[in-house]
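Visitor: Could you have a look at this structure, given as structure tokens, before my questions?
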């Protein structure tokens, strides 16, 4: 992440803690529940796979593999390591529309972050290219002497000015007031208007997914969800899983902690799990140049499963074949290693699962998608 002094901050949606207070107005819908469908961006540039890994690792303050760290420091490969692709090729460009003031922007609803900031007209013109821009000078009220700043695990970050403005998501409008102490999130403030203090994620493989707020749509999952308690002491949707499976190999006694993060692409798992999974794939190897596990693109990948009590959350092998490295016949895996707990379960895991985020507990429920 570059460090820009001209971005603009607003509310967080779905984490537990934030520095932003979002107060519901009288225009907030009172139906008790609503659904948001993701939108497909029609023209995108897809990132070189190691860059996406870099994003996930730095977001969760994880050590960077030497190759990824070296690339991030020197820029070079990240600057020219992108290719033009069809929109759904890597399942990374599904977003949600939000209106701030009079401007409609694309955002990623993210359970793994406590910050939400947007590109604004205060950025240099070059940095505004290929982005929808918020124009605070038209509808916002600038807070004097108020700034925001966020940093990531690799020492980079972003910063900017603070404005008040109206934020509208799926017809629900809130007025945002920023204060320099922890406050409720946007979701925390609308919970009292919902039938139940829950939201669910039903993300899809190569198709737009859905977020439901205030209810559980039983037509979207199979069987009864299996629940785990959440440890929210660090502001994350974090829990302990009781095992995993790689193909026919069952490891029902290997317990590990993980954050369920809708804003991260990969499954970032303990090294022992990662190595066991790729050991069954002919031609797979840890590619030091690209900083992650790779394999021949024509390889047939085995299923992977995470144990949630007695339920096995199965991830099809095709969901783990994340992307082809440009100019090669080698593909980058959707499972990558981390050496520090907790692990992170991102899009590669979520695209096959129906996940319930329940503030009453708190707890999370898991079931197979219908």
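Think of each number as a place in line: the chain as shown, counted from 1.
Cβ atoms are placed via backbone N, Cα and C, with glycine included.
Relevant sequence annotations retrieved from Swiss-Prot are reproduced here:
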type	residues	note
SIGNAL	1-21	signal peptide
CARBOHYD	80	N-linked glycosylation site
DOMAIN	94-367	domain 'Peptidase A1'
CARBOHYD	102	N-linked glycosylation site
ACT_SITE	110	active site
CARBOHYD	251	N-linked glycosylation site
ACT_SITE	261	active site
CARBOHYD	298	N-linked glycosylation site
Visitor: Select the closest residue to residue 102 (N-linked glycosylation site) from the following recorded positions, measuring between CA atoms: 251, 261, 298.
Guide: 261
Visitor: Have a look around residue 261 (active site) and count the other CB atoms within 10 A of its CB, chains all included.
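Guide: Residue 261 (active site) is surrounded by 27 other Cβ atoms within 10 Å.
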Visitor: Across all the protein chains here, work out how many other Cβ atoms are within 10 Å of the Cβ of residue 251 (N-linked glycosylation site).
Guide: 16
Visitor: What whole-number Å value do you get for the CA-CA distance of residue 261 (active site) and residue 251 (N-linked glycosylation site)?
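Guide: One finds 23 Å between the Cα atoms of these residues.
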Visitor: Counting only residues 6+ apart in the same chain, whose Cβ is under 8 Å from the Cβ of residue 298 (N-linked glycosylation site)?
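Guide: Set apart from residue 298 (N-linked glycosylation site) by at least 6 residues yet with Cβ under 8 Å, we have 329.
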Visitor: Determine the mean pLDDT over the domain 'Peptidase A1' (94-367), rounding to the nearest whole number.
Guide: 87
Visitor: Using DSSP and three states only, what is residue 251 (N-linked glycosylation site)?
Guide: strand
Visitor: Ten-angstrom check, please: count other Cβ atoms within 10 Å of the Cβ of residue 102 (N-linked glycosylation site), all chains counted.
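Guide: Its Cβ shell of radius 10 Å holds 11 other Cβ atoms.
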